[in-house]
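Pulled from Swiss-Prot, these are the features on record:
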type     : residues : note
COMPBIAS : 284-295  : compositional bias 'Low complexity'
COMPBIAS : 296-307  : compositional bias 'Acidic residues'
COMPBIAS : 317-327  : compositional bias 'Polar residues'
COMPBIAS : 344-358  : compositional bias 'Basic and acidic residues'
CROSSLNK : 240      : SUMO2 cross-link
CROSSLNK : 384      : SUMO2 cross-link
MOD_RES  : 11       : phosphoserine
MOD_RES  : 35       : phosphoserine
MOD_RES  : 49       : phosphoserine
MOD_RES  : 269      : phosphoserine
MOD_RES  : 296      : phosphoserine
MOD_RES  : 300      : phosphoserine
MOD_RES  : 326      : phosphoserine
MOD_RES  : 330      : phosphoserine
REGION   : 1-61     : region 'Disordered'
REGION   : 88-294   : region 'SAY'
REGION   : 284-367  : region 'Disordered'
ZN_FING  : 378-435  : zinc finger
ZN_FING  : 437-480  : zinc finger
């Protein structure tokens, strides 16, 4: 056979690894074998054409057997209660995605080692084998794995989504089958005669639910927050509407000029009519309590101190504007009290007083009132009963009308006149004392008490700038109800006596 020229085609070389062709090994292979026999470390052999063909066959076989189906990729919940989260095993995810070193390629994923209880739980679900229970397994968050599959492995994610849909469809089918079996097992039939009764029960339960819902709306969810205006909307209150005839405006509702006719007029009480000069006036004109007469000098106070009580009983008027009666022996005290009385009268003129309706309610005594009776009461100061006071003498106790406090009048430094007065109305102790005008117990530092009846008053409620010094008597005690004095008729028909 002639030698082949340079342009001739080379004959195909038989593979060295073919067992049918006993070809001699190359010198390089002999050297490597000798080196291995000599005890030197073996070197990695470069693959020839025959080795490459063998590796191709082996890799194709590995690929055919290394395919991991999406059905085997399990997502589980741990802990299995309501607080659990969904996880996947890193080993299953790496096999499904075909990533050898999954942890090195994706180090940012959140991962944790499985606990022994978690491995037993997965073993009961047939997710892992007994051999895998002894190995170290790693769990990944399922949401992070799904996001990774969507971004980098869309084909794998589509395949896995199909499997999830099939599992959900199968779950619904199984649930429907169980329900159908339960319906078949319950062969009990409803009698036609009991249908109206069942309808009534259902309507009653619906009515109860609706009533509870409406009550909850009215009591707990009345207001709501408007997202557009950022305003809390509250339902408008219901108002009583008067009939039309009660709200109809008359032809002359109010006078536009003085003396013009109007249908509005004031109704006077019989007591007020007795003071009016309508030719039938029965009482003399009363003094104005808002503008009392001022004292000219301090001597008049000293002269009137002795007979002040008798004059107040006869006239029913006060000697000072604030009701501050001075009983001091020295002239400087009386002059100081006189100056205070004048200053208080100026304050009264500048400060609007309370209306007369509130003051008219204040009376010296409550008709038919009986003080409280506590049999085994003890004095809050000496801690003794009515058998003996702090001086060892028998003395009856006085009791607060609002609490259980009691006390001896001698322990409270009360006179017999004061005790007889406080028994005529609901008396209050120092802890329960309230203002007679406003009825509030606050501002104790501005609370003062009458020396005759022990009632409490705020300084600002009676028009005083500060608590007066010395003896103070309230308007209720110093302005006794006037004794009407009848006078003769005035006018043409009046007879002169």
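For all residues, glycine too, the Cβ spot is worked out from N, Cα and C.
A sphere of 10 angstroms centred on the C-beta of residue 269 (phosphoserine) encloses 7 other C-beta atoms. Local packing around the recorded sites 240, 384 was summarised as the count of other Cβ atoms within 10 Å of each Cβ; on this measure the leading residue is 384. Note: the Cα of residue 384 (SUMO2 cross-link) and the Cα of residue 269 (phosphoserine) are spaced 52 Å from each other.
Cα spacing between residue 269 (phosphoserine) and residue 240 (SUMO2 cross-link): 30 Å, rounded to the nearest whole number. Predicted-model confidence for the zinc finger (437-480) is 84, expressed as mean pLDDT.
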